[in-house]
Amino acid sequence: MNDRYQRPLHDLRISVIDRCNFRCVYCMPKEVYGQAFQFLPRAELLTFEEITRIATVFARLGVKKIRLTGGEPLIRRDIEHLVAQLAAIPGIDDIAMTTNGSLLTLEKATQLRAAGLKRITVSLDALDETIFQAINDVGYPAARVLQAIDHAAAAGLNPVKVNMVVKRGVNESQIIPMAEYFRGTGHVLRFIEYMDVGTLNGWRLDDVVSAEEILTVIDRQFPLEPLPPRQPGEVARRFRYRDGRGEIGLIASVTQPFCRHCNRARLAADGQLYTCLFNGTGHDLKALVRSGASDEELADTIRQIWTVRQDRYSELRTQETRNLPKVEMFRMGG
Ligand code: SAM
Ligand code: SF4
Ligand code: SF4
């Protein structure tokens, strides 16, 4: 099943909750998401059964890979039960999760792995405690995220990917320390260009440290060479250290957009379906499910949405597009 630009539907990102225990300045700035902010009430969240049912229909339509995200996915209680349900869907061959790591104990990592989670990405933007705690804005220590990465590895979720969003004037000083720390560990550090997701992070093009710049900085210290993509349209450009001490990824969503190959749909915690990270409106699958629609009707709806999809926001991005109405990333699922 292809969209208007011949892109197949292959990946489904599922946000399981809009809440988070961090207030990262580029995602959920504290001034906006303070005590008074109303997150989704429980009854508005899709249940595990509803998520599994929708994912099963997606699998029939060609989805092979699922990533659980949020908000912070590990805040959702018993999330490993959802992993187990998703792992049992015929056609789903890869289940991954993106997490801030704060709730990733060794026990949790082990349960997730046993339930069928194949891969995990832990976000960490700095090793320096002052810088990291200023970014997450709740004083959460980088040292504890490093422990979470160790727990994931000990539970067999290898290689662990580590996501670092680089924002100018905030954490570019951490590029080399992060590269140095993760070299030789078997974990894959991925540098992500700071994006104009949502409407509230005050994004400016000047704040973006380009993948090219990151590459130059690292290569000067630790020489790199490119690796071929594992599959066509892979989001991260891969490089390996010439001395054999592992690889890194660069995700140049702003300076080298990859819309051409974008094969992802996003299911938000409230059951809205989005076909692009930068959509301003979604399609209400929860209403459909709760009104008693059959699997066939659900499949028809998704087919109608995907086959007319024309999203390519990042290819069209300008300083002005940041002001378009967009759903916030923690709600849609990053
Ligand atoms: N809470 C989890 C976490 O932080 O890993 C999962 C959700 S979070 C929205 C998913 C990923 O999006 C994280 O790696 C985060 O760093 C990244 N992200 C959030 N805001 C971003 C932005 N403005 N530009 C680029 N990446 C961003
Ligand atoms: Fe929470 Fe992840 Fe957003 Fe940070 S990036 S506020 S950890 S959802
Ligand atoms: Fe896909 Fe939209 Fe990102 Fe382009 S901007 S890669 S279409 S999610």
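The backbone N, Cα and C atoms fix where each Cβ goes, glycine too.
Residues R13, T98, K161, R264, A265, R266 are recorded by TrEMBL as GTP binders, and the candidate that the same record lists for that site, out of R42, R67, R237, is R67. Checked against ligand 3, the binding-site residues R13, C20, M195, C262, C276 give C262, C276 as the ones with a Cβ under 6 Å from it, listed in sequence order.
The record assigns Y26, G71, S123, M195 to the S-adenosyl-L-methionine site; their largest pairwise CA distance measures 17 Å. R67 (GTP binding site) sits 14 Å from S123 (S-adenosyl-L-methionine binding site), taking the Cα positions as reference. A265 (GTP binding site) sits 17 Å from G71 (S-adenosyl-L-methionine binding site), taking the Cα positions as reference. C262 ([4Fe-4S] cluster 2 binding site) and M195 (S-adenosyl-L-methionine binding site) are 16 Å apart (CA-CA, integer value). Within the set of binding-site residues (C27, A265, C276), the lowest number of other Cβ atoms found within 10 Å of a Cβ is recorded at C276. Taking Cα separation as the measure, C259 ([4Fe-4S] cluster 2 binding site) is nearest to R13 of the binding-site residues R13, C20, Y26, C27.
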